[in-house]
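Here is the structure we will look at.
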Amino acid sequence: MSKTIAVNAGSSTLKFKLFDMPSEDVVAEGTIERIGEKMGHAKIKYGDGQKHEEEKPFADHGAAVNYLLDQLIDLGIVKSYDEITAVGHRVVAGGEFFKDSAVINDDVIKKIDELSEYAPLHDPAELIGIKAFRKVLPNAFAVAVFDTSFHVNMPKMNALYSVPYEWYEKYGARKYGAHGTSHRYVAGRAAKMLGKPLKDLKLITMHIGAGASITAIKGGKSYDTSMGFSPLAGITMATRSGDVDPSLVAFVQEKLGVSSQEMISILNHKSGLLGISQLSPDMRDILAAADKGNDQAQLALDMYVNRIVRYVGAYIAEMGGADAIVFTAGVGENSIPVRKLVTDKLAYFGIKIDQEKNKCHGVERDLSTDDAKIKTLLIPTNEELMIVHDIERLKKEQGK
Ligand SMILES: Nc1ncnc2c1ncn2[C@@H]1O[C@H](COP(=O)(O)OP(=O)(O)O)[C@@H](O)[C@H]1O
Ligand SMILES: CC(=O)OP(=O)(O)O
Ligand SMILES: [Mg+2]
């Protein structure tokens with residue numbers, strides 16, 4: 001029996017799922033969190049209900065990947081690496097070059113390396129994973145699945161910034177978006193739940209995790225998205241600022257006397273929920289503190305909800321309506337209060353959820369009331385399954 005592994009390197013995490021093929025049963029899955037921090041955390045589920053958990057530092061993504069490879073053998077998840085015949089890697093930035101997932105070879109690796117400047121928090125980490133797996137699985141069918149591919153053909157009117165056009169021509173200055181694999185997956189599931197073909201639907205998918213983005217999907221295609229040139233733009237995130245007036249950045253940079261790289265780092269790592277609350281990047285902490293009357297946490301929560309509502313409203317207007325909005329990713333899948341706050345503020349559009357149906361997490365469910373004009377769906381994302389489907393499609397295309 002052959003196995004396929006999907007590897008999802010985030011900015012500070014490494015997630016994986018190992019699938020038995022062709023059944024697509026998940027035989028092991030896990031997350032390594034807080035990579036690069038003083039203390040990291042690894043959690044792997046495997047076999048029939050077995051769990052492995054460990055607190056230890058992971059200096060960088062290289063250390064995390066090596067740990068994962070060791071654990072696959074040490075925990076007896078595989079007897080030998082040869083059992084894994086295909087591997088898929090999430091890559092955030094594919095630029096305009098990768099319009100679809102790609103079979104990994106030397107040229108593809110070189111190209112991803114070149115594109116790293118578009119996603120410095122993500123692509124270098126993902127390259128480390130690609131190279132490490134290539135070393136131990138030299139014969140596996142390896143595929144890169146890009147976050148940006150789904151957005152690459154969005155209308156130019158939405159992809160471009162109102163800046164000198166030659167910036168786009170010379171430097172690729174445009175909106176690339178991210179989380180495309182997730183938006184694509186939940187859109188497909190939404191169509192199934194609504195019992196309508198994707199091509200006939202207008203959807204707004206809210207991928208709200210630590211990184212977060214909202215996408216307007218028209219006829220199954222990305223029409224507009226909240227992330228921009230990099231995954232820093234859009235709504236308020238755990239530690240990322242989302243949209244900021246660039247002149248404010250230049251102004252504060254001067255005051256602080258720091259480099260532009262340092263400014264970008266502050267906007268990426270010290271902003272968002274963490275920056276406003278001065279407490280935590282984690283929505284669970286923000287909700288608990290706001291509940292106890294912490295004003296900064298309340299402000300962070302209000303801003304977070306407001307930014308989501310702003311984009312959903314804009315996208316309903318841009319698409320001339322919507323059939324459904326979809327909650328997904330860490331906060332969207334798990335936070336009952338955030339889903340309530342967001343949908344309450346969208347009541348004007350005929351978005352209305354049943355509070356009893358909302359009492360759940362991690363399940364596919366239509367949360368709408370019967371009289372809702374626009375449906376509200378909860379759909380747990382599954383980027384890893386999407387990666388496996390892309391691997392199978394590319395295998396077929398290549399006659400393998
Ligand atoms: N029960 C919950 N309530 C609110 N937020 C939650 C809950 N569970 C997880 N989260 C949030 O989900 C985030 C992680 O989401 P995830 O989609 O895994 O992120 P990413 O892939 O961007 O690292 C965490 O920052 C955490 O704040
Ligand atoms: C692009 C991005 O923000 O990814 P993540 O949410 O995994 O950090
Ligand atoms: Mg993610």
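Just so it is clear, glycine is given a Cβ too, placed from its N, Cα and C backbone atoms.
For reference, TrEMBL has these:
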type	residues	note
BINDING	Asn8, Glu383	Mg(2+) binding site
BINDING	Lys15, His207, Ile208, Gly209, Ala210, Gly211, Asp282, Met283, Arg284, Gly330, Val331, Gly332, Glu333, Asn334	ATP binding site
BINDING	Arg90	substrate binding site
ACT_SITE	Asp147	active site, proton donor/acceptor
SITE	His179	site 'Transition state stabilizer'
SITE	Arg240	site 'Transition state stabilizer'
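Looking only at other Cβ atoms within 10 Å, the busiest spot among the recorded positions Lys15, Arg90, His179, Arg240, Arg284 turns out to be His179. Each of the recorded positions Asp147, Asp282, Glu333, Glu383 was scored by the other Cβ atoms within 10 Å of its Cβ; the lowest score goes to Asp282. Restricting the recorded positions Asn8, Asp147, Arg240 to those with a CA within 10 Å of the CA of Lys15 (ATP binding site) leaves Asn8, listed by sequence position. When the recorded positions Arg90, Asp147, Ile208 are ranked by how far their Cα is from the Cα of Arg240 (site 'Transition state stabilizer'), Ile208 comes first. With a cut-off of 6 Å between Cβ and the nearest atom of ligand 1, the binding-site residues Asn8, Lys15, Arg90, Val331, Glu333, Glu383 reduce to Val331.
With respect to the residue listed as 'substrate binding site', the closest of these binding-site residues in Cα terms is Ile208, chosen from Ile208, Asp282, Arg284, Val331, Glu333. It is 11 Å from the Cα atom of Asn8 (Mg(2+) binding site) to that of the residue listed as 'active site, proton donor/acceptor'. Each residue contributes its Cα atom, and for Asp282 (ATP binding site) and Glu383 (Mg(2+) binding site) these two points are 22 Å apart. Secondary structure at Asp282 (ATP binding site), taken from DSSP and collapsed to helix, strand or coil, is coil. For Asp147 (active site, proton donor/acceptor), the nearest of the binding-site residues Ile208, Ala210, Arg284, Val331, Glu383 in terms of C-alpha separation is Glu383.
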